[in-house]
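The structure under discussion appears below in the form of structure tokens.
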Amino acid sequence: MDRPLLAAGSARDRIVACCSYGALKAWLPILSWLPRYRLTWLKMDLIAGVTVGLTVVPQALAYAEVAGLPVQYGLYSAFVGGFVYCVFGTSKDVTLGPTAIMSLLCSYYVDRDPVFAVLLTFLCGVIQTSMAILRLGFLLDFISYPVIKGFTSAAAITIGFGQLKNLLGLQNISQQFFLQVYDTFLQHKGPAVLRVPDVTLGLLCLATLVALTFMKSSLGPGSDDLPVHVRGARGLVWSFSTVRNALVVICATCLSYSFEVYGHHLFTITGQTSAGLPPFQAPPFSETTPNGTVISFNEIVLDLGGGLVVIPIMGLLESIAIAKSPPPRSWTVSARTAGLTNIMGSFVSAYPVTGSFGRTAVNSQTGVCTPAGGVVTSVIVLLSLAFLMPVFYYIPKASLAAVIICAVTPMFDYRVIAKLWRVKKPDLLPFLATFLLSFWQVQYGIVAGVVVSLGMLLYDVARPQLKGHGVTLDSGLRFPAMQYLSQMLFSKALTASSHRSVVLDCCHVSGVDYTVVDELRDLLRQFQQRGEVLIFTGLSNSVLEVLLEAELPGLKHVESVEAALQAVSGTPSYN
């Protein structure tokens, strides 16, 4: 009777542990910091929240343009993350919201249709939450660094070039990258010419943003840790450079408004926007077109296609990139938090969001103390939606284009090619495959890069290097490598002209499967038939036990390579 009692007690203990306050804090991290919240933290959270809010509002408007959606959808996507991450987030610095990459990906799949975008947000959140529950995050480990860099570099070029039409005031430009290149240069020869006011304003905004960026970098190595409330010239420069996007857009909007009031339509402006907060409602699972045609849920899912895989995974990868940013950071966004943010966002007409590296860095640099800073940021966005939407009507598109170009330029890391060349030249293959094909279709680029990376990985598994004294396996031993190993040992040691015994150093072998055991049985027979021996060294106890139970003919195991070499004549060395 003792064992059932122990088992019941153990189960009861697990249930009690799951319902404990510690487990509750693990699910709701807000309980870890809210009870000890201090008023001194409130000042820093307010400063950080307002600073990030002034950064996210112009970026959200600009990223909605990249996604091919009305500008208000960028703001709809920008405020939910602050509230959700405040409750479920584990890092004080992270901000969730629209990003350049997610906006670009959405533009490929939603085809300028807000209904598709909102439903994609809901499904993306469900998929990310399911990955968290089923612990499928290990799948992201198969997307290598060269693949990520290849995609982000291609995305930077695609996004930046896509904004040239707004910077130059061009019309009727296609969405597909190669057609964009063709249409952009064709416009110079056709009847549609450059809009000089847009070009002038766009270049002026771009120059101002670049100048403010260099001013911030001129503050020195410690500028990243300089809080916004520092007094003096350094603090002033840091403050202006940090909210540079807002300053440029505000100035450009004032200039545009002043001309519009006097009836001079010089600039291409954002135009009509929907004022007010978005309605809180369930995401649409079907759509009725203006001509009365009903698009069902199944049809929308089929149209979204690969986006249901690419966007959730890339959202999580972008969040992982934040956590891995130098120097070592504690910035983390779990799949559960990202998924819940997207699910909740779909109820307020948001498109898919993820962690933003740039805004997270600003949040950290301004000295935020708790995730409550994200709530302040979200309130700033909500106030903009409630009161400033009529003003956004006058924002020149050229100024938003300048903001986007400056935001995506750091994503193109040209130095990565030299790094890959120095460390491992074959890694350039998945990088180039991803980079080049992403200009055609982003999903093709990512899939091609992953396939090439896995092919290289499998090649290393299937072709272990044989080297050193005797024969040393420099990696594990699994079934893809066994046929190659048998052929190598047969050709080098058991050919008619040179029979030799072999010492096989297996110190790196952690496990074997049935194929390996079966091939070793055949290999040992061939050595016996020719009067030679195959001696194993360095086998772990678990592997040796498996081989002994298999009753392999002529199996010999010696603890050290030196002792094995003494037992055979000659010292074969295969490089």
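Heads up, residue numbers simply count up from 1 along the chain you see.
Glycine is treated like the rest: Cβ placed from N, Cα and C.
Since we're looking at a predicted model, the values are computed, not measured.
Straight from TrEMBL, the features:
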type     : residues : note
TRANSMEM : 46-64    : transmembrane segment
TRANSMEM : 70-87    : transmembrane segment
TRANSMEM : 116-134  : transmembrane segment
TRANSMEM : 146-164  : transmembrane segment
TRANSMEM : 199-215  : transmembrane segment
TRANSMEM : 300-321  : transmembrane segment
TRANSMEM : 333-352  : transmembrane segment
TRANSMEM : 372-393  : transmembrane segment
TRANSMEM : 400-417  : transmembrane segment
TRANSMEM : 437-459  : transmembrane segment
DOMAIN   : 471-571  : domain 'STAS'
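As a quick check, the transmembrane segment (333-352) and the transmembrane segment (199-215) miss the bar of 3 or more Cβ pairs under 8 A, pairs 6 or more apart, so the two do not touch. Stretch with the most C-beta contacts under 8 angstroms to the transmembrane segment (300-321), considering only 46-64, 116-134, 372-393, 437-459: 116-134. Contact between the transmembrane segment (372-393) and the transmembrane segment (46-64) is supported: at least 3 Cβ pairs lie under 8 Å, counting only residues 6 or more apart in sequence. Panel annotation: around the transmembrane segment (46-64), residues 70-75, 77-78, 95, 97-100, 103, 227-229, 242-243, 245-246, 248-249, 270, 351, 356, 358-359, 362-363, 366-368, 372-377, 379-381, 384, 392, 395, 400-401, 403-404, 407 of the same chain, lying at least six beyond its termini, place a Cβ under 8 Å from a Cβ of the stretch. Secondary structure by DSSP for the domain 'STAS' (471-571): 47 helix, 18 strand, 36 coil.
Through the fold, the transmembrane segment (199-215) approaches residues 166-169, 237, 240-241, 244-245, 247-248, 252, 255, 267, 396, 398-399, 401-403, 405-406 of its own chain, all at least 6 residues removed from its boundaries and within a Cβ separation under 8 Å.
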